[in-house]
Structure formats: C-alpha cells, structure tokens
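A.B. asks: Dropping the structure in here first, questions after.
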Amino acid sequence: MENSNSLPEVTFPQRDFGARREINENVIDTDAAQHRYDSAYIGLRLPKRPRRPHKSRRHHAEKSSSTPINGNQNFSLASPTPSEQIQSLLSECEESSHDVFCEMDVLYRLGEIYQWRETARWVKYEEDVEEGGERWSKPHVASLSLHSLFELRSSLTTGACMLDMDALSIAQVADMVLDNLISQKLLEESLRDQVRAALVSQHTFQHQKFSRRKMSTPDGLDGSQPMFRKLSMKRTFSEIGRTFSMKARGDAQNVSMAKLGNLQSQPNLEVMNGELPESVSTARLNEHFMRKIPAGAEAANIMVGELDCLTYQVVALVRLCEGRNIGDITEVPIPTRFLFILLGPPGSQGKNVEIGRSMSTIMVDEVFREVAYKARSRQDILAGVDEFLDQVTALPPGEWDPKIRIEPPQSVPSQEARKVAKPAVGSPVEEEEEEEESHFDPTLERTGRLFGGLIADVKRKLPWYASDFKDSLHIQCVASIIFLYLATLTPNVTFGGLLGQATDQHMGTMECILTASIVGILFALFAGQPLNILGSTGPMLVLEMILYDFCKDNKLDFLPFRAWIGLWTAVLLMLIVAFDLSALVRYITRFTEESFACLIAVIFIAEAFKKLYGILDVSPVNTDPDTPLNYTCECFPPKVSSDDMLLPLDPAQFLTDIGNSSNPAYSVPYLFNMPDNQTWTLLPNLTVASVNWSAINVTLNGTECEALGGTPITVGCDTPHYIADAFFLSVLLFLGTYMVASTLRNAKTSSFFPTFVRQTLSDFAVLIAIILMVTIDILIGIPTAKLQVPQSFKPSHPDRKSWFINPFSDKNPVWLIFAAVIPALLAVILIFMDQQITAVIVNRKENKLKKGSGYHLDMFIVAICIAICSVLGLPWYVAATVSALAHVMSLKKESECTAPGERPTFLGVRENRVTALMVGILSGLSVLFTTALQFIPMAVLYGVFLYMGVAALKGMQFIDRILLFFKPAKYQPDTTYLRHVPINRVHIFTIIQLLCLAILWVIKTVDSVSIVFPIMVLGTCFVRKGMDYMFTQRELKWLDDLMPEAARKESEDAKKKKEEEMANDQEDEALLSETYDKLMDIQVDHNGDRFNNHKAGQRRTPTDTERVNISEEMARTGIWLQLKNNSKTALCDEETHGSRHRKKRHCNGRHHSRSKKTEDHVSKEDGDVQEEEGGEKKKTTFYMGEEEEEHKV
C-alpha cells in the first residue's frame, strides 16, 4: 500500500533505446527512466535525437519521493490517448508536410540476382498491377485486414526507426540501415552483404516495356569485374556506356567520392544504385503520371520481399532529413522522403505484401502523413498508427467479400477534426455561432447610413475589378460566351415577337436585341455580381401587356406613359438602395428561392415544348395523304370575245367596292405594261389583257376581283402547304440538341477519353450540340423553320422615327405623370423579387464564390438601366434566373490534378466580367450575323431552352423531395434532412411548397389576374413565416433556412437551456459526491487495494468511460498476444541458430534489474493483471525484444 503512493506525477513517453528487451507494457516508462541512469552502453551506436523541450529529466525515484501523491490532489493517472498525442505533436511542431506518393516494390529473384518490381502505388487510392503485369487496376479503396495492421505495428515496434537520416543515395541508406540493425542485434553481421545486395538491386516499373535484356550479375561486392546487366529499354546511352566501360565506372566513382568527401565516417561510401555509379538521374521516368500527383509531393518507397538467407523478419522505417533523389527507385521524378523496408524468410511473401499495403495506405492518410513528417521518435510514429487504428471502420466478415474492390466515394469528409483536440466533457467551451442562413451574408446587414450598403459594395468589389478581367483568360470562358450568346439570343428574339404582337409593334425584336446589348454591357462593367444575366422574363411581359391594354382602352399614348412609369420605378429603386432595403433579402429562404426558381425553370421547359408544337403552324403534318390537295385560289378573268375589250369600270364605284374610297389616288399594282404611278383616273381605259389576274390576292380581298369583272375561285385558299417531314425533323433536332448537350455536359465524369478531352467536351457541350444539329439539318435539306433576325437597325413600329421617347404627349393629361407611381409600385415589387431572388440563388455558398456579392450595387445598376430603357422605348430587363444559373454552371471550376480514382473537386466559379460583357456586345452585333444565324433551325434553339430548364432543376432539394413520393423507404437517398426529420413531415413541407408553386403558375397563366403575380411571389415569404407555427425550428433548419428572428431566438433558447443543464449537473455532482465517497470507502475496506487506481475521494468521471486509449486496449487483445509470442519464438530460433557465435540467451528466463518499488507497483496495476481459468494471475507484457547483457557495465 505504501509503494502504491509512489507513482510518478508525470508519465515519461516511451523511448527508443536501440536494444531489445522484454518489458511490461505498463512500466515501460519506469524501466526506461531507470535504465537511463543505471546502465551504460559501450560500442552501441544510438541515433541522435533533438532534445525535447519542457521535459523533466529528474530521476523517477526522486520525482516520486519528492512529490508524494495525495488523494485530495486533482490529477489523472490515465496516459494520453494516441489522438491526444498526435494532436499535441501537430500543434507543437511547425515543420511543413507535403503530399505523399507511395510506391510498393516487391523483391523478386531472377537466377542469381534480385530485382525490385513495382506492384502497387498510392496517390490517394490503391492501384495494383494486375495479374500478368500488363496494366494497372482500377483505383479502389484499400481494404486491410486488422491482423496485417497489428503486424505492421508490431514490426514498427521491434524494427529500426531512423528519423532525419542524411543520405544521398540508396546505397548510403542501405549501409546506414544495416549498421543500425546490426548494432541493435536485429541482424547478424554475416548477413550484411546479402541483404545489402538485395536493397541496392535494380528497380523496374510498370510503365517500362518488359523484354529480354542483358543484366549484370554481381560476381563481387566491389564491382571490379565486368558484368552484363538487365537494362530497361528506356535507359539512356550514358548509362549503357557506363555499363561496358570499366574506366568510365571508375571515373564516375571517383567523382562521386569527391562529392562525398565529408562523409568519411560512414561505412561503404561506394555510392551505387543497382551496381551503377551514382550520378544525376537521366532515366526516362513516368512523367505522364506526374499530372495526377500534387505539386510538391514527395515519395514514400515501400520495399518488401523475402530472402533465402533470413530466418526472421527485418524491418526498418527511414525518414530522410529532406526530400532527395537517391536513385531511380520511384517511377515518377519526385524526391524520396520515406522508406519502409521489410524483408522476411522464405514463405513470408504474402504476409509481407499485406504489411506493405497497410504501411502504404497509412502513409497516404492525411493525418498520419503529417505525423510522419513531424515525428520526433518511434513513440510518435506508433501513436500515429494507433490513431489510425482508432479511426478504422471494420466490416463484418460474413457480410462482405474482401476480394471486392471498393469504389472511391463521391466525396470524402474533412479530416481536420482528427487534428484538433476535442473539448473535455463538462468543460465550459464557447460554441461558435452557426450560420443562421445558408445564404447569410454580412452585406445584408443595414448600415444605418444613407447609401451605406452601396458604398460598402463598391469598396468590396473594387479590389477585385482587375482580376475580373484577368480571370477570364481561359478557354472555358470562350465556350461560356458562345453558349450564353445563343442561349440569350433565342429568348430575346422570341420575347420580341411576343412583345410586338402584344403592343402592336411599339416594341419588337429589334428593341429586345438593343436592350440586351445596352443593359448587358452596363451590368457587366459596373454590377456587384456580374455572373447575373439580365434578360426578358415572363412576368415582365405580362406587365407590359397590361400597360398597353390600359393605354389602348383609354386612348393614351403608350410609350410616353410607360416612360413615366419607368422613371418612377427607377426613383423608387434608388430609394431602396439609399436605405439599404436590400437587407430584406434575409427573409428570402430556400423555400421562396426554390419555389421561384422552379417556376421559372418549368416555364422554360413548358415554353420549349409549346414552341416546338407551334412549328406545326409553319410546317403542318398531312394526316390524310391519300386525299388530293387543291390549291386553287386566284381570280379568273371574265369571259370576253377579245382580250382588247375594255372593262366597264366606274372608278368611283370601283373604289367603293374594294373598300378604299378614302384614297382617290389609288395605285393599281396588278396591271401589265403600266407605270407604277397609275391612278384611278386610268381605270376606265383598262382592258382584259392589261390586268394580271393571277396577281390579285383573293384571300385578302375577294371583292377586288369581282369589281374588275373577274371570278374569284377560293376553294384552295385555306388548304395548308405541307412540307414533307419538316415537323418530324424539327422534333428530332429538338431532342437531339438536348440529348447531345446533356450527354457531353456529363462527359467529364465518364470513363472515356483523357481528362483534357472530357473537360473540353463538357465546356463546349451546347455549342457542339448546336453545330452538330445545324449540320444535320443542312445535309438533309428539308426546309425547317429558321431563326429570323431583323436585318436593319431601326425601331419596329413604322411610325416611330426616333429611338428617343418624349415623356410629354398631347394625348396624355398632366395628372397621368403622378398617377404613374401606382403601376411603378407593381413594377418595383416585380423587379426587386426577380433581381434579388436570382442574386440570392447565384450567391449561395454552394457555388463557393470568392469575390463577394453586391446586392445594393446590383440594384443601383438595374435602376439606371430601367431609366435608360424607359426614355429609349425599350423593354425592361432584370436578372433572368435560368440564364444566370446557366452562366454559373458554364464557369464552374474543378480540380485538374486529381489522384487516380478521386472525383474532381469543385473549386468554385471562374468569376469574371468578360463573359457577360462579350455576350452583351455580340447581342448588339446580331444584326450583322444575319447571314449565319438564318441557318439555325428554331427547333435547335428550343432544345437549348429545354436543356437550360432541366439543368436549372438539377440539385434542387425541392425536386428531390418531390421524387420521394415515388420511392419506397429502402430506396430513398441518405440525405441529411431525412436523417433528422420524419418522412411524413418532409412530405407535408413538400406539399405546401407544391401548392404555392401551383398557385403562382395559375396566376401567371390567367391574364385577368396576372397583374398580382409580383405580390403573390412576395406572399411566399409570408407563407414561409406561417410555417414557423407548423414545424419546429429544428425541422425547418434541415428542410429550409431559418428566419433571422427565429434563428436568433433558437440560439438564445439553446444557450439558456445549456446553462440550466450545467447548473443541474453541478447540483447533482454535489449531492452524489458524499454518497459515492462512502461507497468507495466500503469497497476499499472489503477489497483491499483492488481499486488502487481509483482511490476513495476520486470518483470515476464520465471521461473515464468515454476516453478509450486504443494503445492500452490493443495490448490486451489476443491478436497482439499471438504476435508477441510469435516474435519470441522467432527470436529463440535465431538464438539457437547463432549459438556458436554468441552466448546463448534464455527467451523465457530473462531478469531485469528493477527496484522493489517498481515491482510492487507493477503487481498492483489494475491494467497489468489478467485472471486465468485456474485463478492464477498473469502479467500482460509488451514485447520489445531482448537486451544484450554484455553491453551493460
């Protein structure tokens, strides 16, 4: 009992002393401290180690005697867990780490010589050389057995661990490793030459062509005899020359010796690599594979194999002091930093390969890689392995086939949590405030100053202005420009046609093209978020139709009245910018965003099919081909005896009959041999022969034919003109455009073609689809409906002579100027919702934008554009949701350097102003491209419409939740909101959102109520606010974004609840403390010192049950005990075999000089004792090898 109070306050870390011994696992540190001062080693080479800072070096006994343990002191006897050790190591060491490329070479014997062959490699995932050695396997997640991982840990425990080795070649590495192994009695001196010959053997790689070649056979160790050696066909002529020139061999060795003159203390300074003199590597390595390796990566060479001369396992882990090219031992030209050497006796190849796979997999682990770079001793390496084991996920053997290769996942969670220490249970930790909204942006906070938000946006975007132009220097931007130009030209032309019909050509196609150019250039140059694309929208068309009908019914001048509405709208938008009212965007949650975006996308899809069906008006289908077609529709002359007979016409009556009595100077366009200026005064002199009867249009005005005395035949006037297969070809072009664009867009994730080709096809997907379909249409030759672009730059209305609109009109009363505020309010609501919802969607954190947003600046530029368009008689353009999303998707960046099997990582968006600027410029120049644009079938552009609409729907949570209605529970995706919200609550939320979408669709479709569409879009925000009373805030947090007030209230409630729980826990702790102490006293009295580790007054905290030290638990497993016994048996066999060379040692009868205190302490450790069946107690020991007694003095 007295000795138990002499435990140390500080536990020494496990040290690597270079000798082998058997130590009880719980007193490793105690023995290490005692041997450090009680023993001396003569002739034993110890590795140099940096002095550890802040570590006490006082003797264990002094520490124990000077600092007695008091039961009332607050301390923990538990040793730090591996996670805590590596977290401390990573936080203390500032040495930088690199990515690691791992290559595993296996030793093969070819006759009398050895050769290292590359069998596997790791950049992130494992790739194996397939059977036959012809190709690499598909990258896959390495599946490791727990037994091989334990064997790896055992090998690292007993083998050589040499950190920061200063070596310049593989031969130097081999010599230094052999010296260390022999000095630690891990290898016999007599085996040095054979092991060294294997270590410096030639390496062959998979990318080299294996053919029969001459190869050198080592007749001697000095390399003085001529040799033939097996050379790779990719070796350079300089190396071949050195092979057959012994003089050159000697010269190269002398040069190498001169360079290494400072290394005279090292044995075997002959620098060799596969019996070749060391020089700068000129071998052609696998430079093509370098594209897959991250920049700055270093190599870890795993060398495993079996040797006939060995009867036991030889292991060494080497870390060079810096990354160096130590020879052609790696298939890629990168420096080597780590080497793991594992050689075993015959028959151990399979086991060695599995251990090598385990080591390779651990080396490419993100956390262990940093540990390997920053490790200061063997203990740090073992802690890294144990931490890796602590994170391993086991697969049940009966539910999974280890032969199946696991596909790499789509995404891998971050490993940063493994590097940071977790807060202790019950400790007061300040919790970081979570983002209240997924689109939370500090720019959405009101500044309280006039135009404060606008000024902040300008200051934020100004530093990025130059980079907005430099970042566009990429081929991806060229593809984006062409795609967006064609994608926006089509709706502009279509919208212009519809607007012309709705306003009697007061605004038409030319006005829409000019608007796209003006606002596109202004917004691209000065906006806060140039990724937004301004365009025509359906709600704006409805508003224009309502305004024109109002002016037409009240006989008002449309364009001047509309100019005042636009100017008032611009003023109101300026007020919104001045008072930072864009901060109201915070109340637009995912519910409103996705409802609006889904509505616009569905409109695009519906319009695409509607316009496709409209091609039937131009190219109808003959559903009854057997019926003869009659196209007779003309005016036949009267039956007269002579064609020179005068027609009996009364000019006044003729004009009355044709309905043109108001125009006495009537020109007759259908006369032969008459000047064009013939008037009605010449009608009495007309003859039958002077009239072109076929030119008379009886469809428009049949009475004109009758007034001339002719007979109109109209039986074939309504017969449609069929064009064979024109509509069906249009359908094929429509579907072909969509399918080709979608397929090529997804090509970057396919397994065909190299990465560059797939990326290029994906970037130019829409352009390739358009060109391909236009080519097919030209080759087939069927006249399909084509794109019609105005050929002259002038207003659409014939009576309009100037682009400028005078706001003052004689037809409009003065009070109408002020009354224009009312429709301007509706326009402001619509513009604000359209613009800001699109901006919120573009600025979502999922897009990883780096240059920030600019809601206030965007609205300021839109207000200016509205004012300009109003005085020029142009339509109002706002942010088009589908076009903006298409712009973002066309500029997405992905990682170019990815490990084999790793999915490209989404890096963000190539934010720039040039793409939108060029789209605006090209839109204005469209009148110059009429010759080329007239070859594009409308069906192809409608296919682009469909592609943009479907692409906008992808990734929407709303669409995913709709699909859940049709999926059984076992096939539903594993999404986060399904993990935390019951499925019936998810369905209720989706049904409410569907109802809102349906109401918006109906209101937009019905013209009589379409004026309230902007108000209904705003009403979705109020619907979402009402859902706070139907769903809990926790459910809304997963299904949607929290409202600002609700999020703040939830945070305050959670904080208050946590404070109450902590107060209650402290009360419970105080109440239970006395009772627990009494129970512990009773248990100690009845059980002696059984509860020595948890004495009276120290009750077991929750940390003791949650904090598991995997190193301690692993040492108690049967696998570890078996490996320990196998290691003992192998060592006994070695000793028996080498008894004539050294004194025989007893494997099972070792005695170590320990103090009585230590023995008493060990016998009382709760973790050191195991009950056997016969009631006998047995110590759980940790095998480290055995110590040579002759080295002690």
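Note: Cβ is positioned from N, Cα and C throughout, glycine not excepted.
From TrEMBL, for reference:
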COMPBIAS  64-81  compositional bias 'Polar residues'
COMPBIAS  429-438  compositional bias 'Acidic residues'
COMPBIAS  1049-1061  compositional bias 'Basic and acidic residues'
COMPBIAS  1156-1167  compositional bias 'Basic and acidic residues'
TRANSMEM  478-500  transmembrane segment
TRANSMEM  512-531  transmembrane segment
TRANSMEM  563-584  transmembrane segment
TRANSMEM  596-616  transmembrane segment
TRANSMEM  722-741  transmembrane segment
TRANSMEM  761-782  transmembrane segment
TRANSMEM  814-833  transmembrane segment
TRANSMEM  854-878  transmembrane segment
TRANSMEM  932-953  transmembrane segment
TRANSMEM  986-1003  transmembrane segment
TRANSMEM  1009-1027  transmembrane segment
A.B. asks: Thinking of Cβ pairs under 8 Å, which stretch from 478-500, 596-616, 814-833, 854-878, 986-1003 has the most of them with the transmembrane segment (932-953)?
C.D. replies: 596-616
A.B. asks: Looking at the transmembrane segment (478-500) and the transmembrane segment (761-782), are there 3+ C-beta pairs under 8 A, with each pair at least 6 apart in sequence?
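C.D. replies: Counting Cβ pairs under 8 Å, at least 3, so yes.
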A.B. asks: Taking residues 6+ outside the transmembrane segment (596-616), which of them lie with a CB under 8 Å of any CB in it?
C.D. replies: 494, 537-538, 726-727, 730-731, 734, 784-785, 833, 837, 841, 880-882, 885, 938-939, 942-943, 945-946, 948-950, 952-953, 956, 958-959, 997, 1000-1001, 1004, 1017, 1020
A.B. asks: Who are the long-range neighbours of the transmembrane segment (854-878) in its own chain, taking Cβ under 8 Å and residues 6 or more past its ends?
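C.D. replies: Hits for the transmembrane segment (854-878): 441, 443-444, 451, 453-454, 456-458, 460-461, 495, 499, 506-507, 511-512, 514-516, 518-519, 522-523, 526-529, 532, 534-537, 540, 544, 559, 562-567, 569-570, 573-574, 576-577, 580, 582, 585, 795, 800, 803-805, 807, 827, 830-832, 834-836, 838-839.
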A.B. asks: For the transmembrane segment (722-741), give me same-chain residues lying six or more residues beyond its boundaries with a C-beta closer than 8 angstroms to one of its C-beta atoms, as numbers and ranges.
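C.D. replies: Answer is 608, 612, 615-616, 619-622, 629, 765-766, 768-770, 772-773, 776-777, 780, 782-785, 937-940, 942-944, 946-947, 950.
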A.B. asks: Under 8 angstroms for C-beta pairs, at least 3 of them, ignoring pairs fewer than 6 apart in sequence. Is the transmembrane segment (1009-1027) in contact with the transmembrane segment (814-833) by that rule?
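C.D. replies: Contact between the transmembrane segment (814-833) and the transmembrane segment (1009-1027): present, because at least 3 Cβ pairs are under 8 Å.
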A.B. asks: Using Cβ atoms and a strict cutoff of less than 8 Å, what residues sit near the transmembrane segment (761-782) while being 6 or more residues removed from its termini?
C.D. replies: 475-476, 479-480, 482-483, 486-487, 723-726, 729, 733, 736-738, 740-748, 753, 890, 935-937, 940, 943-944, 947
A.B. asks: Looking only at residues six or more beyond either end of the transmembrane segment (986-1003), which have a C-beta under 8 A from one in the stretch?
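C.D. replies: Distal contacts: 591, 594-596, 598-599, 602, 958, 961-962, 964-965, 977-978, 1009-1010, 1012-1013, 1016-1017, 1020, 1023, 1027, 1030-1031, 1035, 1039-1040.
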